[in-house]
Amino acid sequence: MDASTHPLHRFYARMTPFLPERQFLVSALLGFVCVFWIHLFVTTWGFSSSLGWAVGLSALIAISLPRPQTALLPLLATALLLLLTITSSFWWTGWESVLSEAMVDQSIGSLLIVTISHCFLISLLMVCGSWCQENSSQASEISAKSLLGWACGIAISGLILSAIWPTYWTASFACLVLVGLSMTSARSTETASETFTRQRSRGRDSWMSALILSMGLGLLLPALYRFLCQLQPETAFLFYAIIASFCCSCSLAVWAERRVRLIHVAALLSLVIVAFPLWVRGYLAVSALVSTVSVALSLRTCMIVLIILPAGLLAGHLLAMARRMSSCQNGKSQFWLPTMLLCGLTGVTFSQTLIPLIGVPFTAMVVIGILLSVAWGSYQASRQFTWTYSRSRSQKIGASLMYVACLSMLLAPLTYSPLLASRALFSTYAFQSWRSGTQLSELPGLDDGRLLKLTETSSGTLSFWKHQGEHVQIRSNGIPQGRISLNAQLVPQPTGALLGAVLPLSMHKAPREVLLIGLESGLSLQTTLEFPVMNVHCYDERADVWEEMKTGVLAKAMQPATTDSRVHYRTLSPAMAVRTQSQTYDVIIESPRHSASYLGASQYNEAHYRHLAELLSEEGIYCQRFIFSDYGPSVLTSLATTIQNSFGYMTAFDTAPGEILFVAARSSEFILSEGLIERISTPQVQRALSHVGWDWSVAMNLARFELEDLQSVTDKAKASVFTGTEAFGRCVEMMRWGNKWNEVRDLLAQNPKRLLNHYADQKETDDILRRLSDVAAREQVLEKHPDEFWVYRKSVKKRLLDNPRSVIEPVKGEGIQQKMHPEDKRRLNYFETLGEATQQNPCHLSDLLKVEEFEQPFDPLISHFLHAEIAKLYQRCEPPEPERELEHWLYAVYYGGRQERSVRGIHRALELLNENQKLDPQVKYDHANALMEILRVRWQMRQGHKDISQPVLLIDLKDSLELSQQSLAMMQQIAEENSLNSAETTTRVKHLERALLRTLRSYRTEMLAKASSLPIPPAQQNNE
């Protein structure tokens, strides 16, 4: 049977009229396969430097390798690609394990071996993909249809199909189709379907110009990627949309050939960068107004295409130059494209240093300078680009506009504002406010955040923000990456991050060796060092954040931790960190990147969990924080299933609003271990939990969930490239509009468990229940008795009288005696000491310091209210101690309950801030800003409640208005005198005037109207 009568050939012949051109179709199918292999490498190895070097070297090898002239080459290449792809689910784990073992010694030689191994495999895949296409044998003959096919394949697979089913299935099917196409091909049709016009241009293409432009392209690509990362999260969608957009615009330039000029590219690039505020508005509109995921993805893709268009046009221009130079100099044709690629890779490497030094706008200026310089050189050589060349008036006007567009790039440093993007594009509250009518310029004033520092690093734009007076929040490309309180004596620590360290370290019977993967803000490291551990090994790829912990904005809280002899820090990515360990650990604490970030995809993967399980000691415990506020239940189920399969046992704790903590071990007995109550009540745990205002009994009352509690949804696929949608599915789920929070809450509420339930038969349970009762009593006082903190005294005295506790202790010479419980005795001593201080007028500092000693150990009924008691006494202290009084009022406010409605403590704190001239002006600014935000929230909570008398409300309204006005004036004065951002201050003041002062005035007017209205006489009421 010859080729013409083969059934596959006849079928292909019938279908040909209805199919796209062969070259386009093959490229599109290769795009499907490309997405799978890229995703496999990224989720396994992350964006490590060794993988980056391997990709660059592989591209050079694949382009430089000559193509054998044989008829069976496409069939052999597709068959090998099919074999590698379909069998990857079997051999990939072994391949990755062998390379991981080679990295254990952490030497340069082992890293070189891994890089060479990556290079070998990637080169093989690239060569197979290149030889699958039946176009010209010259590497420079890359057609527009081929590039467009790649763009369509990557877009369809990476942006659409991968969110529905695994990339492995898509790639395997694409390989099967490729083999079928190769079997039906005939050598008579091997000639390229696209005929290139090889004609000498009127000007000579300079090899030097080509190399300089290639380096400029290498500088431009990272700059545009950084530009896009300010506008939307670094998700898998963004990554593959950039690649598809680049290929699409590159195909446009190859198709247009000489019609794309460097001046066009320079003008377009200038407009893209200068229009940053317009891009912010566009992305904000999509996020706030478009509820359909498919429409939102389409609009975002269109904007990405427009932003990447200059880089794609420049790349297409370079391909056209390479093709023309190859046609003119046949002896050196095979070297042009590899040399240009090498220059491009050099530019990419250099940009990692250039962007942190001068930023994105100035890097783009450098590229535009390169484009204009080469264009001017071309003008000098061939006179093809001149004013006189534009003979018609319209052409002259067009050329003038191009020059004006290029000159507009001088405005880029003024218009490029990653700070505006981070405040407007990464906050649901900002979306809702903008949709409600808030102007874009007013969005930065919606919360109390103040910029401390902005720095460009090789990995992204890092910004540090001050919140709540003492909180520092880290943002990487706009996405929050951690938060820490610089002074936990005033402002509580974030609950989720602190519990992520406290729980596993308390569950393990004797933790000695601890591994921290990802430091975020450093709170997990700070908390870990509170425990008696021997060594803490820290791995984080952000060296800049570590420097900030040592000597920068985080040093106030983290400098002691960074100098601790037990800490061993190394700058390394998580994927590489887990593969370079040669020892086992008792506790592994992982604080990963945001789960939607493609840079963190390797931390939510089956292979990653498997390696971590191997690093645990026999009774080791692993934990990972996960923020689920952007997802529905299916994402939780997938991760829980993967962790359980990798470790053996998994349980999840509800640690903070919108956050869950996965805790895993080989067996449940290592997590729910004996002696947990004793360990979790130790002084170090009490001290750590007091930094979030918790008693240790609250940790025992945490809700927890096992795998069967999270399996009421249909999607139970593991987080694996071969069986799940992973990062693609999380990206689409994050963009989905819906009540996802309640969806997860409904799932978690179906089978609630408490950590305490597992220890219900132990005698210590009674003590836990008693302390939980004290916690409930404290919350009741805060919620139902606003500005009447002294009510707690009745609760304490009632417990001491009605339910006194006693302990039996042996006394030397007297036998066994029954004595008052130490905690009850301590409470009595507290009231005695407080009573002595209260009776003095004026009070003395020494007596007040005695009362302060009862703050630790933490007492659920005393430790919080103690601060308000002492703050009141400091008002009549001689000599005055306004700084100490302010500290106690700040503690009482910041550590207050979520339902608290007290405002007089805020009033006194604002009054002290306005009067005290010794405090650091920026400290006064931050606390006043945060206190007025809390005051706004508490007045909102007061509305609708009728348990506060009208005269008291009017007095509180008057004080709130007066002190808020004084504080706003103080903030403006501090901003002027201390070189703070005046525009940011003005925006914030306007928001507080609108949201706080206007609301208070309206409420006061309403209350006065009610107070002044005359009651209707009874007789008139009866007549009515």
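Keep in mind that glycine also has a Cβ here, set from the backbone N, Cα and C atoms.
Note: TrEMBL annotation is automatic and uncurated.
Note that the structure is predicted; figures quoted are calculated from it, not measured.
Sequence-distant neighbours of the transmembrane segment (24-41) (same chain, 6+ residues past either end, Cβ-Cβ under 8 Å): 51, 81, 85, 88, 92, 118, 122, 125, 129, 132-134, 145-158, 161-162, 167-168, 170-171, 173-175, 177-178, 181, 236, 240, 244, 601, 721, 726-727. Residues annotated as transmembrane segment in TrEMBL: 24-41 (among others).
Per TrEMBL, the feature transmembrane segment maps to 72-92 (among others). Tertiary proximity for the transmembrane segment (72-92) is limited to same-chain residues at least six positions away from its ends with a CB under 8 Å from its CB atoms, namely 33, 36-37, 40, 44, 124-125, 127-134, 168, 171-172, 175-176, 178-179, 181-183, 185, 722.
Annotation comment: TrEMBL describes 112-132 (among others) as transmembrane segment. Among residues of the same chain six or more beyond the transmembrane segment (112-132), those with a C-beta under 8 A of the stretch's C-beta atoms are 26, 30, 33-34, 37, 41, 45, 50-51, 53-55, 57-59, 61-62, 65, 67, 73-74, 76-78, 80-81, 84, 95, 99, 102-103, 178, 182.
According to TrEMBL, the transmembrane segment annotation covers 144-162 (among others). For the transmembrane segment (144-162), same-chain residues at least 6 beyond its ends with a Cβ under 8 Å from one of its own Cβ atoms are 20-21, 23-32, 34-36, 39, 133, 135, 170-171, 174, 193-194, 236-237, 239-241, 243-248, 250-252, 254-255, 297, 301, 316, 725, 728.
According to TrEMBL, the feature transmembrane segment maps to 168-186 (among others).
Per TrEMBL, the feature transmembrane segment maps to 207-225 (among others).
Residues annotated as transmembrane segment in TrEMBL: 237-255 (among others).
The annotation transmembrane segment is assigned in TrEMBL to 262-280 (among others). Sequence-distant neighbours of the transmembrane segment (262-280) (same chain, 6+ residues past either end, Cβ-Cβ under 8 Å): 213, 220, 224, 227, 230-231, 303, 306-307, 309-310, 313-314, 317, 360-361, 364, 367-368, 371-372, 374-375, 378, 385, 399, 401-403, 405-409, 411-412, 415-417, 420-421, 424-425, 440.
Positions annotated as transmembrane segment by TrEMBL: 286-314 (among others).
Marked as transmembrane segment by TrEMBL: 335-355 (among others).
According to TrEMBL, the feature transmembrane segment maps to 361-379 (among others).
The transmembrane segment feature in TrEMBL is assigned to 400-419 (among others).
Stretch with the largest number of CB pairs closer than 8 A to the transmembrane segment (207-225), among 168-186, 237-255, 286-314, 361-379: 361-379.
For the transmembrane segment (286-314), the neighbouring stretch richest in Cβ pairs under 8 Å, chosen from 168-186, 237-255, 335-355, 361-379, 400-419, is 237-255. Non-local neighbours of the transmembrane segment (361-379) in the same chain are 203, 206, 209, 212-213, 215-216, 219-220, 223, 261-263, 265-266, 269-270, 273, 314, 351, 354-355, 385-386, 406, 409, 412-413, 416; each lies 6+ residues outside the stretch with a CB under 8 Å from one of its CB atoms. Among residues of the same chain six or more beyond the transmembrane segment (400-419), those with a C-beta under 8 A of the stretch's C-beta atoms are 227, 230, 263-264, 266-271, 273-277, 280, 359-362, 364-365, 368, 372, 444, 451, 454, 461, 463, 477-478.
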